[in-house]
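Database features, via Swiss-Prot:
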ACT_SITE  CYS50  active site, thioimide intermediate
ACT_SITE  ASP57  active site, proton donor
BINDING   TYR72, GLU73, LEU74, HIS91, GLU92  substrate binding site
Amino acid sequence: MSTAKLDDSTQRPLYGERIIKESKIICFENPNKKRIYEISIDLPEFTCKCPFSGYPDFAKLNIIYQPNLRVYELKSLKLYINNFRDIKISHEEVVNRIMDDLLSAGSPHWIHLNASFNPRGNVSMQLDIFSGQKKN
């Protein structure tokens, strides 16, 4: 192993880590408020840590929603989701926290959040949360 002294730039948080840590869900104006339509977003690389073992948990998140006045901006959503990768949190708590933040940021007519956690120890878990009234 090298004993070379690290320069200051390698000891500070990297710019990507800073951006992820400071991220919030951003929305923009719905371009067609008069039309009812659904948006589906897949986030296949979600990670957080088990609060009991510290082992990583992996999941695929799927968000389906009918926007009201605002639409979720995808890059900010990706960065927000990446912020959970080092947080020790249960499946139930993290999915409810994400739903709360989605509702707070976008106030959709209707939203469904599905989290499909990869098997660990021969057990997989799927969580579904709904909010609002779906319009036809």
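Note: Cβ is positioned from N, Cα and C throughout, glycine not excepted.
Feature map: Swiss-Prot annotations on the structure.
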{"residue": "CYS50", "record": "active site, thioimide intermediate", "DSSP class": "coil"}
{"residue": "ASP57", "record": "active site, proton donor", "DSSP class": "strand"}
{"residue": "TYR72", "record": "substrate binding site", "DSSP class": "strand"}
{"residue": "HIS91", "record": "substrate binding site", "DSSP class": "helix"}
Across the listed substrate-binding residues, TYR72, GLU73, LEU74, HIS91, GLU92, what is the farthest Cα to Cα distance, given in whole Å?
25
Check the Cα-Cα distances from CYS50 (active site, thioimide intermediate) to the binding-site residues GLU73, HIS91, GLU92 and tell me which is shortest.
HIS91
Where's the emptiest Cβ shell within 10 Å among the recorded positions ASP57, GLU73, GLU92?
GLU92
Of TYR72, LEU74, GLU92, i.e. the binding-site residues, those within 10 Å of ASP57 (active site, proton donor) when Cα atoms are compared:
none
Same chain, 6+ residues apart, C-beta under 8 Å of the C-beta of LEU74 (substrate binding site), given in sequence order:
ILE41
Count of other CB atoms lying within 10 Å of the CB belonging to the residue listed as 'active site, thioimide intermediate'
14
